[in-house]
Amino acid sequence: MDGWLLLLVVAGAVVVAGFARRLDLQAPLVLVAVGSVASFVPGLPRPALDPELLLGVILPPLLYSAAIDFSFASFRRNLRAIVRLGVGLVVITTVAVGFFSSWLVPELTLGAALVLGAVVAPPDAVSAVAVGRRLGLPHRMMSILTGESLVNDAAALTLFTIAVASVTGNRIDLEPPVLFFAYEVAAGIGVGWIVGRVVRFVRRHLADSALETVLGIIVPFAAYLAAEQVHSSGVLAVVTAGFVLGSARSSDAIPTRIQERHVWRTLDLVLETFVFAYMGLQLKFVVDDLRGEGLPVHHVFLYGLLVLLLVMAVRPLALFVGTALRRVVGRIRSRPHSELSWTQTLVLSWAGMRGVVTLAAAAGVPFVTASGADFPGRGVISAIAFTVAVGTLLIQGITLPMVIRRLDIADPAEIRYVEEQRALARRISRRAVVDCLDEARRSLKGTDAEGVVDRVRRVTLARLEADETEDEEQPADRFSATSAAFDRWRRTVLVRQREALLDARDRGELDDEVLRTVLDGLDIEQAATETRLQRFTTERG
């Protein structure tokens, strides 16, 4: 893609996304629609990107950003459901689409049809998670959706590699395929863990938030490329590195945490808007490719619609059948089950929109086999993959909010659990505040500083009772020696609160997600306190 065209697409996508948000519309849907229309602008050059660029440059930061913000404790707690969706459902979809397409589409052999199945198998949870967050999906459902999106790309790309090798006649690195899959998973996780630990060690010895943030930006690309060098899963390497570094974020300096949070939100916005605009811009050129190969466009898109319907049906069918079987087995064994409700399962089954991996994999189908013959049905695979990606995004993306609003998906037990955890966090914080300031008051009894400590205690406890996180209103003499003393004690209290909360998390008493929310608020308060102290020091100096 030409540099100017790339810049134009990115800038245009950000502007369109901004207008969509102001109009309370789903930005991904608007971007795909606008991109599809724009693809027919006369003289517009093809916005073609190398599939390696999509998979090696666009995908890693998106996965890494999701991983560092995702609680590994939640991932582990929902691991079975995540693996069932992220691996099991990907395999089921690949096989179902493969056999159906080989029967339906004359141009596709069974091997080529399985390639198509692997291409369209992995959902992209970006838009589903955005909708769920806005409409208040239960935390467990959000965790399952996010966790699925972190592992399904690895499963699909591994199946894609195996299927392509079977068609082209090239050998994969390990045989049989099950051993190859196991190696990809194990080596990818190992590489990601090593990269994460090395970066964690280096960052511990840096005292510059800008350098730490830059190093964090490099991590997903380093993990992906390192894994690719040993022929393992770059996706799992990125996700593992994200988990390793995400679990250590609470020990990072506050400026680093705040800065990284804003940097990754910005990168996510730019990359996600570009991806959806890029999807839409492919429409005209997919049609041109079919015509260039002499294929009947309307027939191919009809095939695409039928495959789209199958893809949309496989997910709910697999989820409902699997849930029913597990409930039956649980009753037979007299074991309590922790399955999602039927309404929650329905919402989860409808959150199967496809995205960048589907387009990148379709573009990565080779043109020829090892013998020099044309890859069977390559143009058809690209057209059907485009139809499925855009079709799921438009159909399920438009209807998912309505499905969520109409169904009763609240989980009373989860709501109660979160409320209890938040109350526990307040009690832990309160105890830390009282202990810290009681010690200070005893050592300062009879001095002028005793009044400052009393004021810090009064303000902090009042804020905890109100469950607020905004920075407290400062007195008119905010740059006086008294206000500086107030901020110094306030900073001490915030540090003690953080230590107490982290200790409770490490003991398994406090939920990691609740902890992260509370720490975000403490970060903002402490950053504001540090800023005021720095200004006071500057004015005095």
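Glycine is treated like the rest: Cβ placed from N, Cα and C.
Remember, it's a predicted structure, so these values are computed and weren't measured experimentally.
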For the transmembrane segment entry in TrEMBL, name the matching range from 380-404, 480-504.
380-404
Does the transmembrane segment (346-368) come near the transmembrane segment (53-75), with 3+ Cβ pairs under 8 Å (pairs 6 or more apart)?
yes
How about the transmembrane segment (380-404) and the transmembrane segment (53-75): at least 3 CB pairs under 8 Å, pairs 6 or more apart in sequence, or not?
no
Quick one: do the transmembrane segment (263-281) and the transmembrane segment (53-75) reach 3+ CB pairs under 8 Å, ignoring pairs fewer than 6 apart in sequence?
yes
Look over the recorded stretches 82-104, 150-168, 180-199 and say which has the most C-beta pairs under 8 A to the transmembrane segment (53-75).
150-168
Taking pairs 6 or more apart in sequence, does the count of Cβ pairs under 8 Å between the transmembrane segment (233-251) and the transmembrane segment (301-325) hit 3 or more?
no
Which one, 150-168, 180-199, 206-227, 301-325, has the most C-beta pairs under 8 Å toward the transmembrane segment (82-104)?
301-325
